[in-house]
Amino acid sequence: MITLTHFLVVSACIFCIGLYAVLAKRNTIMILVGIELMINAAILNFVAFGKYDKLNYAGQVFALFAIVLAAAAVAVGLAIILNVYRSFKTINPKNIHELKD
Amino acid sequence: MNVSIPNILDQIIASVPLFKPELALIIGFIVCIFTALFLEKRWRNSTFIGCIVTLGFSLYYLIGQLSTTATGFSGMWLVDTWSTYARLVVLCSTVIIAIFLQQQHSKNNGDVYSILIAATLGMHVLSSTSHWLMAFIGIEMVSIASYILVGYFSQNKTQSEAAMKYVLFGSVCAAVMLYGLSLVYGLTGNLDFQSAEHLQGLMDAPEAIITLALLFVFAGIGFKLSFVPFHVWSPDVYQGAPTAITAFLSTIPKIGAIILFARLYQSWSSTAFYFSELSTWFITIVAIVTMLVGNLAALRQQDVKRMMAYSSIGHTGLLLMAVFAYQDLNSYLLFYIVAYVLMNLATFIFIDQIEQQTGSTSLLSYTGLGKKMPILFTAFTLVAISLIGIPPTVGFVAKLMVFTSTFSVFQSSGDTGALLLLIIGALTSAISLFFYFKIPLYAFLRNSDQPVILKKQFGVLLVIAYILTVLVILFGIFPNWVMQVLA
């Protein structure tokens with residue numbers, strides 16, 4: 001029997017993996033992948049909780065909107081990273097530091 | 001609850017009149033995409049005209065809503081004084097930003113206007129909802145539009161780097177906020193943060209999970225408001241982006257986010273349970289730290305745009321203080337927003353005009369310019385005085401109102417947090433004197449040995465900036481003009 005707890009544990013794990021990728025990876029595309037994992041963990045949560053919200057289906061609707069918005073944000077992010085690669089010839093955030101105090 | 005389809009349809013159709021300003025923006029957004037594609041080559045500025053007409057229509061419908069208080073779309077859309085005046089300020093400043101863009105980036109600017117309209121639409125959504133789904137959509141709309149705006153004109157390294165930092169930091173904050181929202185949804189089963197069910201769910205939840213969920217949600221709002229510790233992106237992005245875009249970033253996105261935060265704080269802080277205490281402590285600590293970090297870091301900046309970034313972080317701290325103090329009276333918070341927008345727009349237009357002449361935004365390049373551009377620098381100094389909060393300017397009145405109401409909160413409740421807020425607020429206002437006065441110091445009191453050749457310039461932008469400066473003084477002497485409208 002798969003209960004709500006299983007979903008929550010899995011989504012917490014995915015969120016932590018995504019957070020680790022964001023903090024530790026030295027490649028901007030991998031950071032975007034990490035962000036995507038974090039968003040998907042939240043979407044899993046929404047759908048799992050939505051099972052108990054029989055009347056409004058707010059969880060499912062939120063999940064749909066979140067998927068669309070995440071796709072839009074990633075499209076913009078990739079375009080900007082392409083632009084960064086053109087001017088810096090690298091996408092390692094460590095090496096991109098023209099602006100600082 | 002009645003869930004038959006004809007009933008729902010009736011409800012939606014009845015709510016459409018409340019949505020007219022936004023419908024105008026949606027239609028204008030689509031029209032601007034097509035004019036940028038097909039007409040821009042034949043008639044230059046056709047997209048700009050389309051954008052201004054759209055904003056005009058939206059303004060017209062919005063003025064029709066001035067005295068309405070209603071909810072629509074089954075409680076997802078709120079129209080009240082907060083939302084109407086916030087949207088009014090957003091639309092007026094968007095018009096100025098559109099003119100700014102048209103004057104400074106006249107080539108290849110077709111799509112910028114449609115993105116600007118999309119960002120405005122996101123702001124409208126943020127400032128007139130209490131539903132988490134709408135709030136998240138609003139935050140993402142504004143964020144995605146701002147990422148594109150920052151990267152749109154990127155020609156050199158700094159501009160693309162600014163766009164990249166913005167997009168990465170923004171996406172992480174949005175993802176964290178979404179996870180927090182999913183936890184809040186799981187705890188309450190309701191996404192409207194003003195509803196009784198939502199508050200009841202928060203009261204029953206265990207403390208550890210609620211701390212995590214609330215802090216995650218605040219992370220997303222904190223990114224849009226750029227309060228500490230989610231402020232690290234703003235100096236880099238403000239410095240790297242083109243000045244017209246910086247003027248946009250420093251004013252418009254903050255209006256919607258602060259209205260959302262004020263609504264949230266108002267409904268969450270009113271109970272005696274753990275989550276109310278947590279939000280009150282959070283806002284107090286964050287406001288104090290934000291004012292300190294913003295104003296202290298601004299002291300050692302040599303680039304004007306970077307300095308203004310830290311200054312706007314400091315002003316965010318004061319806005320949070322206004323949210324903390326004015327839970328019932330909303331006109332004071334709106335007054336601070338109006339003052340903040342006036343001052344920041346004028347400042348960035350001045351910075352841009354000087355950048356056009358000298359090609360630099362460094363403070364050192366202002367040396368001796370005061371004698372060559374006397375009117376501009378006099379107006380600039382007046383706006384700087386207003387940013388510090390010295391009479392007789394609008395900044396003084398706005399700060400005074402925030403301080404007096406925080407003091408009355410302290411008197412009525414004896415809350416140490418309110419006292420600390422007052423002390424730190426007064427202290428940081430004094431600190432801010434030192435970095436804002438660097439501008440007239442360099443411009444008027446230091447002489448440069450390098451001759452600067454000035455181009456003759458008298459554009460629309462400068463006229464707008466002077467009008468804004470006059471308004472800064474006028475609203476400072478007669479604050480009643482604004483207060484009567486807002487009350």
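From the backbone N, Cα and C atoms, a Cβ is placed for every residue, glycine too.
Nobody curates TrEMBL annotations by hand; they come from automatic prediction.
Here TrEMBL flags B:23-39 (among others) as transmembrane segment. Distant neighbours of the transmembrane segment (B:23-39): 16, 46-47, 50-51, 53-55, 57-58, 61, 110-111, 113-114, 117-118, 120-121, 124; these residues of the same chain sit at least 6 beyond its ends, with a Cβ under 8 Å from one of its Cβ atoms.
Taken from TrEMBL, the feature transmembrane segment covers B:46-64 (among others).
The feature transmembrane segment is assigned by TrEMBL to B:84-101 (among others).
Here TrEMBL flags B:130-409 as domain 'NADH:quinone oxidoreductase/Mrp antiporter transmembrane'.
Residues annotated as transmembrane segment in TrEMBL: B:166-188 (among others).
The transmembrane segment annotation in TrEMBL covers B:208-233 (among others).
Outside the transmembrane segment (B:245-266), and at least 6 residues removed from its termini, the chain residues within Cβ reach (under 8 Å) are 82-83, 86, 89-90, 93-94, 97, 100, 116, 119-120, 122-127, 129-130, 135, 138-139, 142, 146, 149-150, 152-153, 193-194, 221, 224-226, 234, 237-238, 279, 283, 305, 308-309, 312, 316, 319-320, 323-324, 327, 330, 333, 337, 340-341, 344-345, 348-349, 352. Sequence annotations record features per position, and here TrEMBL assigns transmembrane segment to B:245-266 (among others).
The annotation transmembrane segment is assigned in TrEMBL to B:278-297 (among others).
Sequence annotations record features per position, and here TrEMBL assigns transmembrane segment to B:309-327 (among others). Distant neighbours of the transmembrane segment (B:309-327): 225-228, 231, 234-235, 237-239, 250, 254, 258, 261-262, 265-266, 269-270, 280, 283-284, 286-295, 297-298, 301, 333, 336-337, 340, 344, 387, 399, 401-402, 405-406, 408-409, 418, 421, 425, 428, 432, 435-436; these residues of the same chain sit at least 6 beyond its ends, with a Cβ under 8 Å from one of its Cβ atoms.
TrEMBL lists B:333-354 (among others) with the feature transmembrane segment.
Residues annotated as transmembrane segment in TrEMBL: B:375-398 (among others). Residues 311, 315, 335-336, 338-340, 342-343, 346-347, 350, 353-354, 369, 429, 432-433, 436-437, 439-440, 443-444, 462, 465-466, 468-469, 471-473, 475-477, 479 of the same chain lie 6 or more positions beyond the ends of the transmembrane segment (B:375-398) yet place their CB under 8 Å from a CB of it.
Residues 284, 287-288, 291-292, 294-296, 298-299, 301, 307, 311, 314, 317-318, 321, 324-325, 384-385, 387-389, 399, 402-403, 406-407, 409-410 of the same chain lie 6 or more positions beyond the ends of the transmembrane segment (B:418-437) yet place their CB under 8 Å from a CB of it. Annotation comment: TrEMBL describes B:418-437 (among others) as transmembrane segment.
Among the features that TrEMBL reports, transmembrane segment is placed at B:458-478 (among others).
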- Stretch in B:46-64, B:84-101, B:166-188, B:278-297 most in contact with the transmembrane segment (B:333-354), if contact is a CB pair under 8 A: B:84-101
- Given the transmembrane segment (B:84-101), its same-chain partners at Cβ distance under 8 Å and 6+ residues beyond its ends are 21, 48, 51-52, 55, 58-59, 62-63, 65-66, 68, 109, 112-113, 116-117, 119-120, 123-124, 127-128, 244, 247-248, 251-252, 255-256, 259, 334, 337-338, 341, 345, 349, 352, 460-461, 464, 486
- Message: Let me spell it out: take the transmembrane segment (B:46-64), skip the flanking residues so only those 6+ beyond its ends count, and list any with a Cβ under 8 Å from a Cβ in it.
- Response: 20-22, 24-25, 27-29, 31-32, 35-36, 39-40, 84, 87-88, 91-92, 94-95, 98, 102, 109-110, 113-114, 116-117, 120
